[in-house]
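Asker: Sharing the features that TrEMBL gives for it:
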type     : residues                                   : note
DOMAIN   : 6-223                                      : domain 'Orotidine 5'-phosphate decarboxylase'
BINDING  : D12, K34, 62-71, T117, R178, Q187, 207-208 : substrate binding site
ACT_SITE : D62                                        : active site, for OMPdecase activity
ACT_SITE : K64                                        : active site, for OMPdecase activity
ACT_SITE : K64                                        : active site, proton donor
ACT_SITE : D67                                        : active site, for OMPdecase activity
Amino acid sequence: MSTSAPIAVALDAPDLDTAAHWAGLVTPHVSTVKVGLELYLRYGPDVIASVRGASGVQVFLDLKLHDIPNTVAAAARAVARLKPAILTVHASGGPAMIKAAVEAAPNSQIAAVTLLTSLSETDLAALGVQGTPVDAARRLAAIAVGAGAQALVCSPREVAAVRAEVGPGITLITPGVRPAGADTQDQARVATPEDALSHGADLLVIGRPITGAPDPGAAAAAIAAALRKVSH
Ligand SMILES: O=C(O)c1cc(=O)[nH]c(=O)n1[C@@H]1O[C@H](COP(=O)(O)O)[C@@H](O)[C@H]1O
């Protein structure tokens with residue numbers, strides 16, 4: 001019986017050996033590992049096979065593409081052959097850009113990032129984002145889903161409102177997750193793993209609380225065990 005939890009561990013490591021080591025430690029406990037800009041820009045496409053390893057764990061490629069539709073389509077096509085389960089784009093790139101990514105990578109779920117979890121309500125207002133973070137996340141979510149995105153990335157603080165906006169068929173992914181009492185670091189709009197799940201997240205992105213722990217495997221197992229107690 002698989003006991004892997006709906007967690008994507010962010011493998012934000014400076015080198016491939018460390019990332020592959022973390023992936024090996026956490027994959028018995030989690031469904032997914034996430035490769036982001038740090039690893040992809042340093043090592044390129046080979047990084048995907050290295051972290052997937054023999055376990056066949058689901059790989060989430062977080063490149064947060066954001067450009068004109070033609071450029072994003074070409075970039076999505078370039079990575080589609082790596083068959084990431086999930087590929088991110090910024091929702092603020094607009095519907096034509098999101099649609100272009102969806103069409104270019106038909107075997108991956110395109111996940112549109114609504115509002116970065118590192119931005120506070122004050123930051124968002126200064127950037128000219130209208131309304132509360134909840135209002136803005138809902139608005140971007142509706143645009144992204146209208147353009148064909150099958151998944152969305154949002155803060156766990158907005159996930160219930162986003163779920164109400166888009167309904168049950170869309171995969172909701174929440175970074176900005178911190179166990180109670182953990183350091184929030186550069187994250188601004190955070191919640192606990194239990195709250196993220198009970199408010200409707202399908203997949204929790206967690207990096208440093210796991211990879212920065214003395215034993216990343218044990219940290220992943222502990223969060224996975226806490227999530228099993230949550231009914232949702
Ligand atoms: O797309 C993402 O995964 C993402 C979106 C977002 O709004 N906020 C956010 O933190 N992330 C990613 O989620 C991970 C969070 O890592 P930790 O803060 O270490 O748990 C990082 O790899 C970020 O790049």
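Backbone N, Cα and C define each Cβ position, glycine as well.
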Asker: I want to verify one value. Collapsing DSSP to three states, which class is P69 (substrate binding site)?
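Answerer: Going by the DSSP assignment, P69 (substrate binding site) falls within a helical segment, counted as helix.
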Asker: Counting other Cβ atoms within 10 Å of each residue's Cβ, which of the recorded positions D12, D62, D67 comes out lowest?
Answerer: D67
Asker: Based on a Cβ-to-ligand 1 distance below 6 Å, what subset of the binding-site residues D12, H66, P69 would you report?
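Answerer: Cβ < 6 Å from ligand 1, in sequence order: D12.
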Asker: Cα distance, T117 (substrate binding site) to K64 (active site, for OMPdecase activity), nearest Å?
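Answerer: On Cα coordinates alone, these residues lie 13 Å apart.
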Asker: In whole Å, note down how far the CA of D62 (active site, for OMPdecase activity) lies from the CA of T117 (substrate binding site).
Answerer: 14
Asker: Taking the Cβ of T117 (substrate binding site) as the centre, how many other Cβ atoms fall within a 10 Å radius?
Answerer: 26
